Amino acid sequence: MNRTDPPITPELVASHGLKPDEYERILKLIGRVPTFTELGIFSAMWNEHCSYKSSRIHLRGLPTKAPWVIQGPGENAGVIDIGDGQAVVFKMESHNHPSYIEPYQGATTGVGGILRDVFTMGARPIACLNALSFGDPSHPKTRHLVGGVVAGVGGYGNSFGVPTVGGQVRFHTRYDGNILVNAMAVGLADADKIFYAAASGVNMPIVYLGSKTGRDGIHGATMASAEFDDDSAEKRPTVQVGDPFAEKLLLEACLEIMETDCVIAIQDMGAAGLTCSAVEMGAKGDLGVDLDLDSVPTREQGMSAYEMMLSESQERMLMVLKPEKEKEAEAIFRKWGLDFAIVGYTTPSQRFVVKHGGDVMVDLPIKELESEAPLYDRPHVPSPQLPVVHARDVAPRLPVADALEKLIATPELCSKRWVWEQYDHVIGGNTVQRPGGDAAVVRVEDGPKGLALTVDVTPRYCEADPFEGGKQAVAEAWRNITAVGGRPLAITDNLNFGNPERPEIMGQFVGCLKGIAAACTALDFPVVSGNVSLYNETNGRGILPTPSIGGVGLLDDFTQSASLAFKAEGECILLIGETQGWLGQSVYLRDVCGREEGAPPPVDLAAEKRNGDVVRGMIHAGTVTAVHDISDGGLLVALAEMAMAGGIGAALDAAPEAIVPHAWWFGEDQARYIVTVHEKDLLSVFTKLKAVEVPCVQIGLTGGHEIAIAGERAVHVKALQHGFESWLPDYMAGRVETSGIPDR
């Protein structure tokens with residue numbers, strides 16, 4: 001023990017996020033009182049963020065295998081085969097707590113961390129996406145948080161040189177004290193040149209690469225495993241500071257060294273920094289690790305072993321190197337102006353030993369440190385089943401046209417252009433479809449292939465019925481990829497929930513996970529990577545359950561992708577899928593009728609698969625001219641989005657007599673698409689869809705400058721566009737009154 005270390009007291013243990021029984025487990029495991037640095041290491045490795053101790057037993061139920069899956073969960077990122085010797089590497093991860101405390105730096109380092117996860121595997125990043133959840137617009141912090149987070153996401157991605165091509169932005173009062181910043185990165189690699197974290201070989205040099213270590217981010221992972229309270233602002237020093245230009249240099253240096261025969265294993269320093277990366281590399285390779293902290297490059301004087309082991313300074317890597325390749329490897333990193341230091345060696349001892357100033361500061365069993373964290377099967381109770389809201393029991397507050405104008409200009413449904421125009425979404429020159437559509441499409445260089453990318457979840461559904469909400473999040477990602485012509489291949493998940501020690505919250509988690517598993521199985525859409533973020537609560541008030549789903553699909557020919565914009569006048573508008581007029585948990589019911597209630601729409605996975613496969617086939621056959629899936633806001637909002645994107649109106653038939661008009665136009669039934677076709681193809685389309693028992697009905701024709709529903713007031717497309725595009729920039733400029741989401 002270092003003479004300057006504090007004594008290990010119950011209060012010190014508790015301040016490290018360890019429960020009394022967890023500390024007793026440590027005492028039994030190592031047979032003595034831990035040193036201060038060892039306590040910090042256990043705190044980092046055994047917290048929720050790193051160990052998944054509350055979620056791991058439930059994550060085992062997710063489907064993770066398919067013939068095209070090269071690497072599933074357990075590595076830095078998932079890897080899927082897209083043919084021709086190419087692989088896609090991708091993952092999504094949260095940076096929620098830091099982004100609430102320090103929105104700009106929290107968001108930048110969230111982007112930087114997920115980019116490192118991808119290029120650590122040997123992939124060059126080609127795209128980023130994000131899912132951002134903010135509090136009610138009227139909350140005094142919301143505008144500041146939106147501005148900081150969006151600037152941070154854009155600032156890092158733009159400077160690093162990767163396009164940010166899509167995502168989600170939502171507002172809800174349940175995120176007032178805990179915003180969510182979920183970042184997804186996608187990269188391309190050679191399928192036979194994937195790099196992994198497991199070390200191999202005894203007495204192999206362990207090399208520190210990248211930027212110097214400072215005191216920023218200490219206990220960042222532990223902070224991410226606890227609730228917030230009124231003193232959360234005091235945790236600002238635990239937020240890391242990002243440097244996208246250093247990360248760009250690190251990327252190029254790593255990819256260059258990966259072209260040599262130098263690398264045995266590589267791991268980025270993310271949560272828990274040097275501790276987690278060193279322990280994982282050794283434990284995965286059944287090896288011990290000896291580190292000498294005197295060799296670690298630091299940017300601050302007098303850093304202790306505790307600080308160096310727990311720092312989460314950014315833009316750093318740890319690599320196990322072939323010993324005869326040291327000079328070659330060092331020359332590469334020096335060329336890029338980066339630190340290169342041999343800080344340790346692999347050993348056969350199965351021990352994690354850390355020295356500083358000639359003293360042994362840490363001597364722990366490495367496998368137990370990595371894999372013996374407590375595993376909890378926490379009590380959980382199912383969410384109460386909510387009654388179905390029958391459409392005929394909902395009195396329409398507004399005429400259909402007025403309701404459309406109101407909805408299209410709400411925080412939930414308005415254009416998020418103000419956000420994505422701050423991102424460089426075309427850098428690299430491979431972005432085929434930009435933000436604002438169903439899914440982004442990015443060209444795969446050196447060939448005709450494209451990737452369809454999306455991020456989706458509907459938290460209000462997950463709150464009302466976790467199982468159906470989990471299913472719907474996956475199904476919508478699958479639909480969005482399908483709507484641009486992609487073949488859905490795999491997902492990454494980012495599971496954001498409240499305090500798992502509350503049975504009702506754990507019940508939400510379990511229910512959503514079961515729904516995700518059911519949908520992934522039915523749609524052949526495996527989970528290959530992900531992240532769990534728990535304790536998203538402030539003063540006991542939790543967020544909406546938000547299991548963000550990042551989906552990746554493949555287009556054999558990116559030039560055959562579909563988009564949502566109406567293309568020409570006089571085309572037939574078809575509604576594919578069954579419409580019952582489901583209003584429970586709809587945006588219409590909440591924002592027009594002031595009722596946030598009812599069961600969400602059920603998800604028929606067989607119908608999702610059948611309808612989606614048919615739509616994708618029509619896209620590939622060149623039968624359809626525009627495609628859009630129907631989600632938030634229902635049929636009429638989707639039609640308005642198509643009209644605004646194309647600058648062309650539509651003449652629409654009245655709602656069928658069997659369904660009340662507001663339910664027909666604004667219900668959020670699932671497994672539905674709108675497509676447009678040439679009149680000459682109409683009969684053949686109906687014939688094909690009837691043969692495979694896919695519901696389809698013509699609902700109108702494109703043309704003119706208005707959305708004109710029979711028997712309703714017509715709405716000019718430009719007027720809709722104004723409301724659609726105005727709300728968010730007006731809000732950020734302080735030009736709109738906010739008293740919460742309208743009529744809530």
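Using the three backbone atoms N, Cα and C, a Cβ is placed for every residue, glycine included.
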Recorded substrate site member, picked from S533, S548, S561, S563, that accompanies S94, H95, N96, H97, R116, Q240, E312, S313, Q314 in Swiss-Prot: S533
Taking Swiss-Prot at its word that Y52, K91, D493 bind ATP, choose the one of G17, G122, G530 listed for that site. G530
Spacing of the two Cα atoms, H49 (active site) and D268 (Mg(2+) 2 binding site), in whole angstrom, works out to 16
Quick one: of the binding-site residues Y52, D117, E312, G530, which has its CA closest to the CA of E93 (Mg(2+) 1 binding site)? G530
If you measure from the C-alpha of D493 (ATP binding site), which of the binding-site residues N96, R116, D117, D268, N531 fall inside 10 Å? N531
G530 (ATP binding site) has how many other Cβ neighbours within 10 Å of its own Cβ? 27
Specify all same-chain residues, apart from the site residues Y52, K91, D493, G530, whose Cβ lies within 8 angstroms of the center of the Cβ atoms of the ATP site, ordered by sequence. L59, P73, M92, E93, T492, N494, L495, V527, S529, N531, V532
Farthest-apart CA atoms of Y52, K91, D493, G530, residues recorded for ATP, distance in Å: 17
